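Here's the structure we're looking at; comments come further down.
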Amino acid sequence: MTEVCRVMTVCWGNICRSPMAEFMVRAAVDSQGLGDVVEVSSCGVSAEEVGNGMDRRAVAALRRHGVADSGFAGHRARQFEVGWFGEVDLLLPADYRHERMLRSLAGGDGDAEGKIRMIREFDPAAVASGDVGMADPWYGGDEDFDVTFAQISGALPGIVGFVRDWVESR
C-alpha cells in the first residue's frame, strides 16, 4: 500500500493565503492523478480567526481563476497544534513570520524542522529573486488576492514534483 503524503499550508489566520494554497495544491495534485496519495489541509499560527470561514475575496480569487470548488464554504480556520508535526510530511508556511513561528514551535526537533519549507521555495523565479515571502492580501483588494494566486501558482509545479517524489520514494 502506498503511503499518503500529508501537506499542510500555513499562514497567519487561515482565512486567506493558506486556504487559497490548500485548494490550489489539492487541485494541482488531483490534476496529476495524485489525489489518492496526497492529503492537503491548512491552518494558521494565530488563534484570532479560529472557526471563521475563508475570506470572501480569497474565495472570489479562486473562482475567478477557475479553481474547482472542493469545499470553499466548508472551510473553517484552525490554529496549528504542535502535535501535528508528527502527523504531516510537509508544512508550507506562506511568509517568513509563519516559518519562524513553526520553527520555534518545533523546539529544535530536527525531524519537525525538516518538514518546514516556504511555499515559494518551490518557485524557481521567487528563489532567484531572493524573496520567497508572500504578503498578506487581507489588507488590500482583489488585485492583492490575484497577486497571492499568482505567487502560489508559481510554486505549484515544484510542490507537485516534491510530493510525487515523496510518494514514489515510499
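The backbone N, Cα and C atoms fix where each Cβ goes, glycine too.
If you look up TrEMBL, you'll see CYS11 marked as active site, nucleophile. Spatially close to CYS11 (active site, nucleophile) yet at least six residues away along the chain are ARG17, SER18, ALA21, SER42, GLY44, VAL45, PRO93, ALA94, ASP95, HIS98, ASP136, judged by Cβ distances under 8 angstroms.
Note on ARG17 (active site): other Cβ atoms within 10 Å of its Cβ, all shown chains, come to 32. According to DSSP, ARG17 (active site) is assigned to a helical segment. Annotation comment: TrEMBL describes ARG17 as active site.
Residues annotated as active site, proton donor in TrEMBL: ASP136. For ASP136 (active site, proton donor), the number of other Cβ atoms no farther than 10 Å from its own Cβ, over all displayed protein chains, is 16.
The feature domain 'Phosphotyrosine protein phosphatase I' is assigned by TrEMBL to 5-162.
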Taken over the domain 'Phosphotyrosine protein phosphatase I' (5-162), the model's mean pLDDT: 98
Three-state secondary structure, which DSSP defines for ASP136 (active site, proton donor): coil
